[in-house]
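Chemist: Here TrEMBL flags Gly95, Ala96, Phe122, Asp207, Glu208, Val209, Gln210, Thr265 as pyridoxal 5'-phosphate binding site. Per TrEMBL, N(2)-acetyl-L-ornithine binding site is recorded for Arg125, Thr264. The annotation N6-(pyridoxal phosphate)lysine is assigned in TrEMBL to Lys236.
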Amino acid sequence: MSVLFENYGKRRAQIVKGQGTIVEDSTGKQYLDFTSGIAVVSLGHAHPAVVQALQEQSEKLWHISNLFEIPGQEKVAEKLIANTHFSHAFFCNSGAEANEAAIKLARKHTGKHHIITFEKSFHGRTFGAMSATGQGKVHNGFGPLVEKFSILPFNDAATLEATVDDSVAAIMLEMIQGEGGVNSVSAEFAAAIAKVCEEQGVLLIVDEVQTGIGRTGTRYAFEQTVLKPHIVTLAKGLGGGFPVGAMLGTAELHATFSPGTHGTTFGGNPLAMNVAQAVLNHVFEPDFLQQVREISAYFVAQLRAHLSSSYTVQGQGLLLGIGCGDTEVAPYIAAAEESGLLLVGAGPTVIRLLPPLTVTKEEIDKAVAILKNILP
């Protein structure tokens, strides 16, 4: 009997090691990992540059706290904000922490409390982030939520325009709802958000915890739209497997936080920063991002060529989904695992595909063959 809380239900295979896209369980069975630890292992498992960065820093300094200057924070921040409209960064340990920081920053800067979020969104399980999340199953059993969050229909420009006024502090959204079904922000909806933010003086928070750091083929997914958020939150792929979170903000927000208003013991520690530098040195290279876009186009083409037309293929870059209509996907995910392919759901009826950004055409071909075999 396990001594762990049962937060995660029935556990799957016991994975003990990995290299690139391949992982191995405790029995020696190998799998294609098309979960990447839920969009985390950007460069694949045990990437040499990431391993080297961790090993080198581990021999120098692990932790000192933010009472002291940590040079790696400046280096990573400069990489994240280079050639963007952002001016400053804050480091933490996870996506939920980054979103909590964003909520606090927006409320403190504007002096307002009302924040608009969207149905099927997911922003985390800490109380503020949970309250922002547009999924009732995440809220159930936890009593009164944080007040002043309004959850609107996603991609509904008319409802948004009718709801947002100058009492709103911020709009908070994901460019692709990873947990909510791999639903992308439409061009019309992006234009409506940009318009109401400008007209009503509302801050825009874009949660790029899952979509950021090259996952959609650009550094940040919002770069593929008209949106220019005031705040962006990051985590998952930023550390390539090491816990790292970040919040980026524009110059107008810089003076909002002062010492004591927000902080973290472990955020931005030397180990995390050295690993993040190694990840960004690879992912933010233009040739690397072009490769992600090309391999994504190949993946989508193969899925559409080999799967029944009853399935939809959605998403961007290497955050893709296979929509299965009203059919529950849990049995398909289990069958794929038996066949050597690790997958994760995006809600009950969508299979999420999240291979490492370094995935090869050969690995995609193998995955598509398994999917073709298990999907009727």
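Just so you know, glycine gets a Cβ as well, placed from its N, Cα and C.
Curation does not apply to TrEMBL; its annotations are automatic.
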Chemist: Check the binding-site residues Ala96, Val209 for other C-beta atoms within 10 angstroms of each C-beta and report the one with the most.
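Modeler: By the 10 Å Cβ neighbour count, Val209 comes out on top.
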Chemist: May I ask for the distance between Thr264 (N(2)-acetyl-L-ornithine binding site) and Glu208 (pyridoxal 5'-phosphate binding site), taken between their Cα atoms and rounded to an integer number of Å?
Modeler: 20
Chemist: Write out the long-range same-chain contacts of Lys236 (N6-(pyridoxal phosphate)lysine), meaning residues 6 or more apart in sequence whose Cβ is under 8 Å from its Cβ.
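Modeler: In sequence order, Ile38, Ala39, Val40, Gly95, Val209, Gln210, Gly212, Ile213, Arg215 meet the Cβ cut-off.
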Chemist: In whole Å, note down how far the CA of Arg125 (N(2)-acetyl-L-ornithine binding site) lies from the CA of Ala96 (pyridoxal 5'-phosphate binding site).
Modeler: 7
Chemist: What's the number of neighbouring CB atoms sitting within 10 A of the CB on Phe122 (pyridoxal 5'-phosphate binding site)?
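Modeler: For Phe122 (pyridoxal 5'-phosphate binding site), the 10 Å Cβ neighbour count is 26.
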Chemist: If you draw a 10 Å sphere on the Cβ of Gly95 (pyridoxal 5'-phosphate binding site), how many other Cβ atoms land inside?
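Modeler: Result for Gly95 (pyridoxal 5'-phosphate binding site): 27 neighbouring Cβ atoms inside 10 Å.
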Chemist: Return the count of C-beta atoms lying within 10 angstroms of the C-beta of Thr265 (pyridoxal 5'-phosphate binding site), excluding that atom itself.
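Modeler: Thr265 (pyridoxal 5'-phosphate binding site): 10 neighbouring Cβ atoms within 10 Å.
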Chemist: What is the number of other Cβ atoms found within 10 Å of the Cβ of Gln210 (pyridoxal 5'-phosphate binding site)?
Modeler: 27
Chemist: Give me the count of other Cβ atoms within 10 A of the Cβ belonging to Thr264 (N(2)-acetyl-L-ornithine binding site).
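Modeler: The answer is 17 other Cβ atoms.
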Chemist: Non-local Cβ contacts of Arg125 (N(2)-acetyl-L-ornithine binding site) (under 8 Å, 6 or more apart, same chain)?
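Modeler: Counting only residues 6 or more apart in sequence, the Cβ neighbours of Arg125 (N(2)-acetyl-L-ornithine binding site) under 8 Å are Ala96, Thr133, Val138.
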Chemist: Does anything in the same chain, at least 6 positions from Glu208 (pyridoxal 5'-phosphate binding site), have a Cβ under 8 Å from its Cβ, and if so what?
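Modeler: Those within reach of Glu208 (pyridoxal 5'-phosphate binding site), by Cβ under 8 Å and sequence separation of 6 or more, are Glu174, Met175, Tyr220, Ala221, Phe222, Val232, Thr233, Leu234.
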